[in-house]
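K.L.:
Have a look at this one.
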Amino acid sequence: MFAEADGFPRARNGKTIHSDPNISITDPASEDDFNIRYSSASAAPACYEVNRVSCDASPLTMSPWKQASPLSKTPWTHSDEANVPANSLIGSIVREEGHIYSLAATKDLLYTGSDSKNIRVWKNLKEFTGFKSNSGLVKAIVISGEKIFTGHQDGKIRVWKVSLKNPSIHKRSASLPTLKDILKSSIKPSSYIEVKRKRSLWIKHSDALSCLSLNNEHGLLYSASWDRTSKVWRISDSKCLESVHGHEDAVNSVISTSGEMVFTGSADGTVKVWKRELQHKGTKHKLAQTLLQQESAVTALAINAAGSAVYCGSSEGLVNFWEIGKQLSHGGVLKGHKLAILCLAAAGNLVFSGSADKSICVWRKDGNIHTCLSVLTGHTGPVKCLAVEKDHESGNDHRWIVYSGSLDKSVKVWSVSEFAQAMSKVGGHESINREAFPVEGSYSTNSRASHSRF
């Protein structure tokens with residue numbers, strides 16, 4: 001499935017953990033199925049909540065084949081607000097070519113990345129076009145204007161542009177780092193660093209990409225990698241400005257705020273805050289704070305739309321959050337999943353958490369209080385990625401279209417309202433109002449386990 005041997009995830013003892021693309025995703029999944037790097041010491045037991053609604057519907061109702069086929073008439077229709085359920089499944093995309101690892105939505109297009117190396121483009125739930133990379137499964141997709149950036153298992157970032165004459169044609173315009181920069185750096189001894197007992201150029205990732213994040217305000221692209229670094233790229237000229245070293249294990253997520261803060265989450269169990277300084281020739285990131293130190297791996301990060309809170313998902317199934325103000329203060333823990341959090345997304349007052357337990361929890365933030373509005377069920381495999389965009393056709397500023405990609409090889413499309421009643425289960429035959437999950441605890445990070453792995 002992977003192009004290069006160095007792309008395989010490895011445990012701390014150095015042994016290669018092989019990944020089988022044909023592994024059954026109805027069985028308990030391994031960390032390789034999730035394609036998120038856990039430290040070998042980070043394997044945490046499943047976190048079960050006795051009061052939680054079960055996310056397991058019958059195999060028949062959860063099968064992606066029971067949903068709309070891309071070849072059939074699309075259910076992509078928008079009714080009057082009064083006639084549309086608050087949170088509902090409105091469509092499903094199934095294409096038997098690989099697990100879905102990445103999503104990006106822009107305007108009326110949806111980009112999906114899988115382990116087939118293909119990037120598919122969908123319009124109104126029907127395949128519009130597609131393009132293919134030479135190697136490396138597609139781990140991340142972000143869009144900045146006319147440029148599409150894809151991060152891959154082979155450690156490379158590829159840049160694509162849409163043809164002005166034909167919007168169905170996508171041409172690769174560059175790979176990061178560029179060949180010119182590689183050749184220029186290779187003649188300088190100072191450009192080499194020691195990575196896994198090998199010499200490597202600091203501008204190159206030496207292991208799989210795990211995440212991409214844009215800062216459009218400053219024209220920057222951030223990449224996170226299993227090589228324990230995050231790198232900063234200038235979008236205008238594709239130059240690598242900086243390589244940030246601050247973790248003792250794979251960096252699973254990086255996010256940048258509109259201000260000067262950047263957050264990184266790692267398999268070493270930490271969330272770190274970096275202060276960005278813009279300099280004449282590039283950037284300089286200084287470690288400002290360590291928000292979290294724990295045994296379980298940090299698997300996903302997200303910042304809400306208002307920029308007032310940062311969320312951290314972990315392999316033990318919990319979502320910690322911090323209020324962003326004059327100083328970052330821990331707000332509490334969201335407990336809604338049985339297994340590892342694999343992805344997070346935020347829009348409006350809503351936060352979405354996708355999990356290895358095959359479900360998506362929809363949380364609404366009211367001040368410091370979070371209420372679980374719905375548990376979206378229907379996937380038959382771990383939910384690996386999420387994308388959210390405003391539902392422009394509904395005419396309602398508080399309704400969102402949520403895309404969820406899974407290792408069951410499907411993408412499901414949901415209509416979600418911020419004013420949904422708490423709490424209903426969506427996707428199976430049930431739609432039951434239940435008591436919302438409260439935020440449990442509000443404590444200092446000093447009260448958590450802080451075992452150093454340095």
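Each residue, glycine too, has its Cβ placed from N, Cα and C.
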K.L.:
Match it up for me: which of 1-28, 57-84 does TrEMBL list as region 'Disordered'?
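P.N.:
When 1-28, 57-84 are checked in TrEMBL, region 'Disordered' belongs to 1-28.
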K.L.:
So, by DSSP, how many helix, strand and coil residues make up the repeat 'WD' (244-275)?
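P.N.:
When I sort the residues of the repeat 'WD' (244-275) into the three classes, I find 0 helix, 20 strand, 12 coil.
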K.L.:
What residues in the same chain, six or more past the boundaries of the repeat 'WD' (202-243), come closer than 8 Å to it by Cβ-Cβ distance?
P.N.:
6-7, 9, 36-37, 136, 139-142, 144, 147, 149, 151-157, 159, 174, 176-178, 181-182, 185, 191-193, 195-196, 249-256, 258, 262, 264, 266, 276, 278, 281-285
